[in-house]
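These notes are about the structure you will find just below.
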Protein chains: 2
Amino acid sequence: MVRKEDCLKQIREVIDGILSTVDEEGNPQSRVIDIMLIDEETVYFLTARGKDVYKEIINHPQVSYLNLRANKSVRITGIAKKLDNQKEWIDKMFEENKYMNNVYPGDARYILEPFYIEKGEIEFFDLTQKPILREKFTIGNWEIKEKGFLISEECIECGTCQDLCPQKIIKEGSPFEIAQNHCLHCGLCYENCPSEAIHRIE
Amino acid sequence: MVRKEDCLKQIREVIDGILSTVDEEGNPQSRVIDIMLIDEETVYFLTARGKDVYKEIINHPQVSYLNLRANKSVRITGIAKKLDNQKEWIDKMFEENKYMNNVYPGDARYILEPFYIEKGEIEFFDLTQKPILREKFTIGNWEIKEKGFLISEECIECGTCQDLCPQKIIKEGSPFEIAQNHCLHCGLCYENCPSEAIHRIE
């Protein structure tokens, strides 16, 4: 059982992860961003005002952040927001991350802008477990978007899905049931159900 | 001096990186995707037809892929395209990446779809060098989008930018000149030029 604090701890220990944004043309952009601080609820980071990523977050605040360590990923999908008291936050972040002075020595640090994730969802995904494991947590006021597939009452209990499932995580029943926390979302059950009883969660 | 083949080699050696796409609502989405094969020109990967990422690539083929090892990142921004001869490619990828059988045993592999990056740009970014180093390369027929700042003829050669630059990569001259391959794109020179001679590359 993984907890939200374990996810935040991984993010801080690994430090660098990938922040994805969308640009003015609606295309995805990504780059390495270090997480400078965490607390019980969220993560804090910096970027420079001259960078495209700064403009992108301001224009379109929904971002995706992904951190990976030894086949366990922690992903945050949510809204990035600028922090007030800019200088105070920058100084605190540099105090806790002294290596930042090698990149932005002296007062150069003030070209940076501090951000945090105001609200969103954290997804932990562990590929080392069999079956794989997913866990979701929220940051702030956010409705988690479920993904994957559901088996409906149209299920004829034939067992086709159970046999095909690469992770073997479909349980018998009326209807059969997908263990959502262990599902790859591959779609093999969905494509092969003879009674079309399996639906994509929208 | 880094070469394109070094970038592709890093991507293959590390195997896992982060693929960013945009979803139907225009928001960025990211997840770990392993690169299954490389050749001299591009990279090859798989995803399952049931996953959101599959739908996202089909609807909006421009993606961003980022691979990180020891503060050196390789990013590919480009167009993902489905491969023909699906089964042949899947079998080849599983042959070269036997661990994939643990996730998709037996014929479950055929729920996957093989893709490659048809065209785009590779950016190598090395934060371990002082100053930092960037190099760009193309995949297929692609025009590289330059970023950052340029010093124009309006430069009064006062040296303000040179003093402020956190990486110390602005050379004297008429006008002064930014060493583009070493620039953080932080914008400190741009914000502080007394003659507004520094312009963002658009």
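Quick reminder: no glycine exception, Cβ is built from N, Cα and C everywhere.
According to TrEMBL, the domain '4Fe-4S ferredoxin-type' annotation covers A:146-171, A:174-202.
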Distant-in-sequence neighbours of the domain '4Fe-4S ferredoxin-type' (A:146-171), which means Cβ under 8 A and at least six residues beyond its ends: 130-132, 177-180, 182-190, 192-201
Secondary structure content of the domain '4Fe-4S ferredoxin-type' (A:174-202), with strand meaning DSSP E or B: 8 helix, 5 strand, 16 coil
Number of helical, extended and coil residues in the domain '4Fe-4S ferredoxin-type' (A:146-171), per DSSP: 5 helix, 5 strand, 16 coil
